[in-house]
Amino acid sequence: MDSSHIAVRVARRSPSPAAVSQSSYGSLGSSQDIHIRVDKEGVASESTPLLAAAQRSIKTSSSLTASVSASSTTPSNCRRNPTLHEDCFNWRSVGLLVMCASALALAAYLLWRQTQTPDFGYRLSIVGHGIWSDMELQGRGTLFDPIGVGTVIFTHTGSNECHDDCPDVLHKLERSHVGELPYNFLVAGDCQVFEAQGWHYRSQYPRDLNGIDSLVMAFVGNFSGRPPIDCQLMAAQALILESLKRRILQPIYQLFVLGSYTDALQRELRHWPHYASHQTSK
């Protein structure tokens with residue numbers, strides 16, 4: 001049995017001289033003078049000070065052991081530690097913001113690719129009229145038929161070609177014309193497309209194709225003897241596809257080559273889809 005559960009009490013039955021004399025030598029007299037009481041609850045009394053001190057030391061050591069054990073088994077996670085909880089919350093917020101920003105950037109990139117890149121993988125670069133032109137448009141003119149444009153007309157400017165200084169060449173073209181340039185788009189030798197009247201307004205090019213609305217696209221240069229360079233032709237094809245994507249051009253359209261001294265251009269474009277004929281302007 002555990003010593004903490006035993007309480008010992010000593011009492012003297014009679015104050016006999018023999019008992020007193022024997023107790024001076026460390027003896028308690030006879031065995032009848034010793035009373036042992038076993039307390040199941042092990043409650044200490046004033047007659048057992050040593051046992052009370054032992055019990056207090058045992059309880060103290062037990063409480064220390066329990067506290068050390070609890071502290072050692074406490075998980076180091078964000079829920080038990082307020083500081084770590086705040087740090088983890090901050091990191092989760094940063095991670096969520098990064099994910100949202102990445103998703104928005106990806107969506108913007110995919111949208112840009114859809115509007116700028118045709119199906120055959122060639123990038124279409126369009127320079128707006130307000131960016132390259134020194135002149136303000138004097139009225140946008142007549143809007144296209146909302147049903148869609150049924151004709152694409154290709155021609156050339158008959159001017160110098162350009163590769164690096166295309167805005168300068170186009171400025172000279174603007175100054176040589178009375179009013180606006182009579183085209184919707186100009187396809188330059190630097191592989192860029194420059195907006196004139198754009199996708200929504202009729203150009204001032206002579207319309208002698210039964211009055212059908214036409215997208216007029218002019219190659220910058222003179223192509224009576226040789227066709228435009230490859231990147232110009234690819235940019236023109238991309239411009240047609242982009243017009244179809246925007247539903248400006250009808251799916252069943254016709255392609256014409258118009259203008260004087262455009263024989264080389266006609267020989268190149270007659271192999272394109274929807275090619276109809278080559279006509280000289282009146």
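From the backbone N, Cα and C atoms, a Cβ is placed for every residue, glycine too.
Long-range Cβ contacts of C162 (disulfide bond) within its own chain (separation 6+, distance under 8 Å): D168, V169, L170, A188, G189, D190, V220, G221. Swiss-Prot lists C162-C166 with the feature disulfide bond.
Classification of N222 (N-linked glycosylation site) by DSSP places it in coil, neither helical nor stranded. Residues near N222 (N-linked glycosylation site) in space but far in sequence (CB under 8 A, at least 6 apart, same chain), listed by position: H156, T157, G158, S159, N160, E161, Y261. Per Swiss-Prot, the feature N-linked glycosylation site maps to N222; the stated evidence is sequence analysis.
Summarising the annotation, Swiss-Prot assigns region 'Disordered' to 1-29.
Positions annotated as topological domain 'Cytoplasmic' by Swiss-Prot: 1-88.
Summarising the annotation, Swiss-Prot assigns topological domain 'Extracellular' to 112-282.
Summarising the annotation, Swiss-Prot assigns transmembrane segment to 89-111.
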Protein Cβ atoms within 10 Å of C166 (disulfide bond), excluding its own: 20
